[in-house]
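Taken from TrEMBL as is:
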type	residues	note
SIGNAL	1-21	signal peptide
DOMAIN	43-145	domain 'Ig-like'
DOMAIN	147-242	domain 'Link'
DISULFID	C193-C214	disulfide bond
DOMAIN	247-339	domain 'Link'
DISULFID	C292-C313	disulfide bond
Amino acid sequence: MRASVGLLLLVLLPLLPCVPGLPFYNGFYYSPSGRNLGNGHGEGTSVTLPCRYHYKPALVSPRPVRIKWWKLSENGAPEQDVLVSIGQRQRSFGDYQGRVHLLQDRELEASLELQDLQPEDSGRYRCEVIDGLEDESGVVELELRGVVFPYQPSQGRYKLNFPKAQQACEEQDAVVASFEQLFRAWEEGLDWCNAGWLEDGSVQYPITLPREPCGGLGLAPGVRSYGPRHHRLSRYDVFCFTAALKGQVYYLEHPEKLTLTEAREACREDGAHIAKVGQLFAAWKFRGLDHCDAGWLADGSARYPVAHPRPNCGPPEPGVRSFGFPDPQSRSYGVYCYRQR
């Protein structure tokens, strides 16, 4: 009699609700700081999505199976093939090439190791095991815990349609935030009165302290929504999300203040590049970058990160302070550089 194959994903089930329509649902959360929630493991900027299978009744000897991982469609994005394996042969696809491989250090193992994590790697992944005519599959959700930051360009408030918002986040080493990411940021204290695009094409903003200019005093704290907006005709700011920091952000010690052009050149002479906004936020959030001097960034803004608030260093809360977009010829600022590791 032929043994049937059954798939078991090793993740803590009680932590997360079920998703209707799926045979079973599992969630896996990964933090770039090295803290993991769930039965999986990650280190640095890599993570393992757990997947194991078993036979009923058990096989006397193992036999080769076909294993496939792919990322499920979300918010209009198409499905993406990640990896296919038959026996010891593995093939990865697209942006995942060179970043994924199966862990096969024990029998009946189909877990996927994903390296060099990118913010866009967040999402739901399906693991499928095929043995002849038998197949089973299950879903793991990978959510990168990063930092959400509001962003508006040098042209000012409410200048971005949805494609421009996507481009603006990408230019700052980030992606457009999802509602879940914005909601978690609000739970952690993010309060911002300007509405911004989210990944699903809606426009929302987080309020922790209700006030008259931000929807009025009569509304409770929360993430307030304008709903979906026209992708090309509507214009707002954007909420960006960044998770991984692959290098070092630092304030360049320099004998004098710099113009924007001089700042770019100073970083190059130091073997680095001028830092992007997303890189500065990630360094502040995950590396505790704390410096009270404002410095130029790649988009022409001037900002500084404060992890430990103190007198004469801005407001009493931790955060990344902004001086907006000063005159590029101004010699009032230093520069934050980014060096790839």
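Each residue, glycine too, has its Cβ placed from N, Cα and C.
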Residue counts in helix (H, G, I), strand (E, B) and coil for the domain 'Ig-like' (43-145), per DSSP? 6 helix, 56 strand, 41 coil
List the Cα distance (Å, whole number) between C193 (disulfide bond) and C313 (disulfide bond). 23
DSSP puts the residues of the domain 'Link' (147-242) at 22 helix, 30 strand, 44 coil
Rounded to a whole number, how many Å is the Cα of C214 (disulfide bond) away from the Cα of C313 (disulfide bond)? 26
Most Cβ neighbours within 10 Å, among the disulfide-bonded residues C193, C214, goes to C214
Cβ atoms near C313 (disulfide bond) (within 10 Å, other residues, all chains): 15
